[in-house]
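Read through the structure below, which is laid out as structure tokens, and then see the notes.
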Amino acid sequence: MGGSPVAAQEASDDDAARVVVRIAGSHVDSASNPLPPPGSATFAAEGEQEHAKPEAPAEAASAQAPVEAKQEAAAAAAAAAGVQAMAVTVVRDVEAGPDASTSGQGGDKPSWFTPKRLLVMFCIINMLNYVDRGAIASNGVNGSRTKCSGGTCSPGSGIQGDFDLNNAEDGVLSSAFMVGLLVASLIFASLAKRYNPFRLIGVGLLVWTIATAGCGASFDFWSITICRMLVGVGEASFISLAAPFIDDNAPVPQKTAWLAMFYMCIPTGIALGYVYGGLVGKTLGWRAAFWGESILMVPFVILGFVIKPLEMKGLSHSGIKEYGQMLNPEVQDQIDNNGTKHVMPGGINDLAGKVPQKFSFSRFAKRLMTEIGLFSKDMKELLQEKVFVTVVLGYIAYNFVIGAYSYWGPKAGQQIYNMTSADLMFGGITIVCGIVGTLAGGFTLDKIGSTIPNAFKLLSCATFLGAIFCFGAFCFKSLYGFIPCFSVGEILVFATQAPVNFVCLHSVMPHLRPLAMAVSTVSIHIFGDVPSSPLVGLLQDKINNWRSTALILTSILFIAAVFWFIGEFLV
């Protein structure tokens, strides 16, 4: 199995071996810093001592020869062991990086860092991401179109009213940020091997902050659509890289529980977004809701660039400076294939800055092609993990339903049950059930044993039962029957959040975790909630019956349960 400890250790050993060869070529074997052969320092010291001593009788010398031979052999072995220990130390230092703070490697952690503080910070950021998703779905921000009946027209409200959007266009708007997410998630996951992932999160949060402010300043459908795409670019760095950081630093017996706390912020954020959007949108206007989100994220953007970064396990950033030097025309060193540096003559150095731009571009293009090749190799390795592929397929079906629930839920509830405050009602149900269900799923998996087979059992059972309760809830004609039944269904459905991401993280090699999270996120969005919102809107436009639309949508949860049931037999 890809996520076994033995396999992970073998992968770690292989990476270490490759780093040793590279370090040996560039520093140890270079002419500027030659490494003396094992035992040479010992032999030199002994030679000096021999010159300082008076000559001994031949008999004494012959008697001491076997003893000296043994001492020399022992000294040589000790020197060789010392070189090996030094190589191991170099490997650990290279893997950790100059600003290392990975747990378990003995690196100095930043003064701000504690595991709980990291978890709290990431949870708040994650919640703000999903507050944005809930806010744009709320009736206060999303609003309604202008309606005309009997010659009289009632004015529209919110985004849909200001830009006169139909349901299909409105659904496209909710999913527009996924276009940026699709491309940027994979790019950020690849860049994590070159640049510190903590800094990449800061870059993404900056893009997110600017883009949400732009949503508030948009003037038509296309302008807000472009801003929503950029929101996806900003969110991509965080969703790809945050979970591996939490997995690295969480206590071993509570890893799934910590993931549950992190993913609990998804339903909580969406629910708070419903309430926040409903209140702010109706009092200050829908534009103010986006501006408020942007302001709340600013402190975390600053922290992402200012505080000393953490390092992620399984990733090495020793090649960053060398790569930067190769692309910098001012650098006067040339690095051969073995990694050995050779200082170029002064005359050639003077010409280095005069090299045509075409030469630099071709070198950059070659390096880009190399990176694409490495990315393709990692993708091939990832897609060969049957457990990972199976859990993601189930996750796609699951997210298809959850995405449509989160966007169309308040509007469907208002139409089916004549709710006077659908935003507050759905927000309240989602926030309570999301917290209870997500935490229950994480703590349950830790209790029965955090293994992939147990995770699949929990996933299939909870999803199947949750689908039954949610389907039954929409069959009730009374609101008093709908609320308790739907609440139980949501608790069961949200119990899958921590286990499904636990499987995604632990079914692959450690160095593939950022890419695994990126591929998982891109897949569940591009095949899940991206098409679900406009498709459900299109279906509702055709049949014009929210109850039937909700029942058809809920039945897709059974497909997710089937995929996760199959996963039990692949481990």
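For all residues, glycine too, the Cβ spot is worked out from N, Cα and C.
Over in TrEMBL, the protein carries these features:
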COMPBIAS  57-66  compositional bias 'Low complexity'
DOMAIN    118-571  domain 'Major facilitator superfamily (MFS) profile'
REGION    26-66  region 'Disordered'
TRANSMEM  172-191  transmembrane segment
TRANSMEM  198-219  transmembrane segment
TRANSMEM  258-276  transmembrane segment
TRANSMEM  288-307  transmembrane segment
TRANSMEM  387-408  transmembrane segment
TRANSMEM  424-443  transmembrane segment
TRANSMEM  455-474  transmembrane segment
TRANSMEM  480-500  transmembrane segment
TRANSMEM  512-528  transmembrane segment
TRANSMEM  548-566  transmembrane segment
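Three or more CB pairs closer than 8 A are found between the transmembrane segment (288-307) and the transmembrane segment (198-219), so contact between the two stretches is assigned (pairs 6 or more residues apart). Under 8 Å from some Cβ of the transmembrane segment (455-474) lie the Cβ atoms of residues 391, 394, 398, 416, 441, 444-445, 448, 481-482, 485-486, 488-493, 495-496, 499-500, 502-503, 547, 550-551, 554-555, 557-558, 560-562, 564-565, 567-568, 571, all in the same chain and six or more residues away from its ends.
Outside the transmembrane segment (512-528), and at least 6 residues removed from its termini, the chain residues within Cβ reach (under 8 Å) are 175, 178, 181-182, 185-186, 188-190, 192, 197, 236, 239-241, 243-244, 247, 312, 314-315, 378-379, 381-382, 388, 392, 395-400, 402-403, 501, 504-505. For the transmembrane segment (480-500), the neighbouring stretch richest in Cβ pairs under 8 Å, chosen from 258-276, 387-408, 424-443, 548-566, is 424-443. Looking at which of 172-191, 198-219, 424-443, 548-566 has the most CB pairs under 8 Å to the transmembrane segment (258-276), the answer is the stretch 424-443.
Long-range contacts of the transmembrane segment (548-566) within its own chain (CB-CB distance under 8 A, at least 6 residues past either end) are made by residues 390-391, 393-395, 397-398, 400-401, 404-405, 408, 412, 416, 456, 459-460, 463-464, 466-467, 470-471, 474-475, 493, 500, 532, 536, 539-540. Taking the domain 'Major facilitator superfamily (MFS) profile' (118-571) as a whole, pLDDT averages 83 in the prediction.
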